[in-house]
Amino acid sequence: MKMSYPKLLGVNIDHVATLRQQRGTRYPEPLQAALVAEQAGADLITVHLREDRRHIQDRDVELLAGVLQTRMNLEMAATPEMLAIARRIAPSDCCIVPERRQELTTEGGLDVAANRGFLGDFCAELQEAGVKVSLFIDADEKQLEASCNIGVPAVEIHTGHFADARNRAEREKSLLRIQHAVTFGINTGLQVNAGHGLDYHNVASIAAIPGIREFNIGHSIISRAIFSGLADAVREMKSLILAASESDH
Ligand code: PXP
């Protein structure tokens, strides 16, 4: 019998904090955004605590840990500082991402294949602390195999290249790569999630791929919230994901 799971939406609230940090004000409050998002149907709340603290701050993560009713997915770089924070905060999930200070956002996936030893040890320590670990990787068999080998339960496939495709042919090529990676990942026993650059126009193509479990989406939802309010923005994204995945049963 084929197993089917509901598709879950992780709302990334980093850019609520971006607005606040831009002016050093007390608003807008990420915690408030998280609670509104949860009430509107977010299945998890995602935050990226960057080394440079450009948006989410330590205090945000601490407060969220105390009030979230769903799950916290903490995105972070594989550094000793972040490991100590994750141990203290104990989020249900951590997604390990590469970080370069100059980048606008996370630009590429982790090179797990080239860093098996280091990442394997890092993830093992996190898992010992009871955290479910995923690795943010490109849609690449080599990276999926390496992720499986180091024993993490999940990966998040980087959909940014698909989102940024400049024409139809590039988009199709990217989509095929992601479809192939999802099937390959599931066959190796990994939970496969997806995220980056997903918006109200392109999410259906990714959500229609059978087997993807979680979608982590931030920028487009927070942008839409300016015009329609956060609750509606979350509800609309979730219904697009569920409608596109209706055939995935
Ligand atoms: N997933 C990961 C691993 C990310 O680093 C980000 C950006 O922080 C996202 C998802 C969300 O991307 P976007 O803001 O483009 O929806």
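Including glycine, each Cβ sits where the backbone N, Cα and C put it.
As given in TrEMBL:
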type: BINDING; residues: Asn12, Arg23, Gly197, Gly218, His219; note: 3-amino-2-oxopropyl phosphate binding site
type: BINDING; residues: Asp14, His15, Arg50, His55, Thr105; note: 1-deoxy-D-xylulose 5-phosphate binding site
type: ACT_SITE; residues: His48; note: active site, proton acceptor
type: ACT_SITE; residues: Glu75; note: active site, proton acceptor
type: SITE; residues: Glu156; note: site 'Transition state stabilizer'
type: ACT_SITE; residues: His196; note: active site, proton donor
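If you take the CA of Glu75 (active site, proton acceptor) and look 10 A around it, the recorded positions you hit from His48, Arg50, His55, Gly218, His219 are His48, Arg50.
Residues Asn12, Arg23, Gly197, Gly218, His219, recorded as contacting 3-amino-2-oxopropyl phosphate, have a largest CA-CA distance of 25 Å. Using a 10 Å Cβ-Cβ cutoff, Asn12 (3-amino-2-oxopropyl phosphate binding site) registers 25 neighbours.
Among the recorded positions Asn12, Arg23, His48, His196, Gly218, His219, residues whose Cβ is positioned under 6 Å from ligand 1 are identified as Asn12, His48, His196, Gly218, His219.
When the Cα atoms are compared, His15 (1-deoxy-D-xylulose 5-phosphate binding site) and His196 (active site, proton donor) turn out to be 13 Å apart. In this structure, the binding-site residues Gly197, Gly218 were compared by how many other Cβ atoms lie within 10 Å of their Cβ, and the smallest count belongs to Gly197. In terms of Cα spacing, the recorded positions Asp14, Arg50, His55, His196 that come within 10 Å of His219 (3-amino-2-oxopropyl phosphate binding site) are Asp14, His196. Comparing the binding-site residues His15, Arg23 by how many other C-beta atoms lie within 10 angstroms of each C-beta, the top residue is His15.
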